[in-house]
């Protein structure tokens, strides 16, 4: 396991020498994330952290390759323009908004490796925790969906260290919103990309805390009856892929809003296999049905507008199976949506 600092050579895009200064792209704004007091002094509001690990996918019998995604998602995002609203809102502050915190790597030699995933999750969690404590929003770039347990641990650590009371009853109610075709609450003798939310449930139960989990885009063809039984036992809020397609937006939005209202802070995670394989072919477990990108964007904006999101991540992009960088570009668009909505909500 290792951490590499941000490779700023990935942050490139087109030049606009004949346009006004408002022809800005994200590659022109990104800086190294400073894991010290200067991040607060400089006003860094966003910290990107890569989780270059797909050991969990391998353990979950999936198709590997997601560990190569973080730099490619960054590259696709870097070339996107900065919207006018952000330029107006943060005039004079733009170069300090976004920091790249580099990548956590899992050196498993493309084979099953004991403890490598677990150590990578802990090291990734440490970066997430530091960014939260410094007042920023950490956004993880996977990698497999085992990133989810690391994101949660980072949030949990930050809450433990910032809470003045040792009494866990005083902790804010954590809500998890996951866009995913899979529930990811499998039983297994080791951690995998299919177990993170069961692990989170067990962690919270040990701490006497409730498990508030809403999974959006769940496919009945991607989860066994045993998993749906476990979801019922754990009290999981499920919005199926068919609901996302067939129900009116107002009804779905009300369900999401009710969940948001029931918690104090939110961990938002997007498994890119929630989208149809025709839209994102490059994922670890492609979906035959999926939910529309327009729906995901609309729901993400609703969630971000609550002001409760404290950590977010995007997982399961697999460049090995991508076509014309299509999947990385969709991930970059969702990353931009999260960043834009978070900053505009400050």
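Heads up, the Cβ atoms here are built off N, Cα and C, so glycines get one too.
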Item checked: Site-mate of 180, 184, 271 for Mn(2+) 1 in Swiss-Prot, selected among 145, 342 -> 145
Margin query: Are there any residues at least 6 positions away along the chain from residue 182 (Mn(2+) 2 binding site) with a Cβ closer than 8 Å to its Cβ? List them or say none.
Written below: 194, 218, 219, 222, 223, 271, 273, 285
Margin query: Neighbours of the Mn(2+) 1 site 145, 180, 184, 271: Cβ within 8 Å of the Cβ centroid, same chain, sequence order.
Written below: 148, 178, 181, 182, 193, 194, 196, 197, 269, 273, 274, 315, 316
Item checked: Residues satisfying Cβ distance under 8 Å from residue 184 (Mn(2+) 1 binding site), sequence separation of at least 6 -> 145, 148, 178, 193, 194, 195, 196, 197, 198, 215, 271
Checklist line | For the Mn(2+) 2 site built from 180, 182, 271, 273, further residues of that chain with CB within 8 A of the site's CB center | finding: 145, 178, 179, 181, 184, 217, 222, 272, 274, 285, 287, 315, 316
Note to self: Under a three-state reading of DSSP, tell me whether residue 271 (Mn(2+) 1 binding site) is helix, strand or coil.
What the structure shows: strand
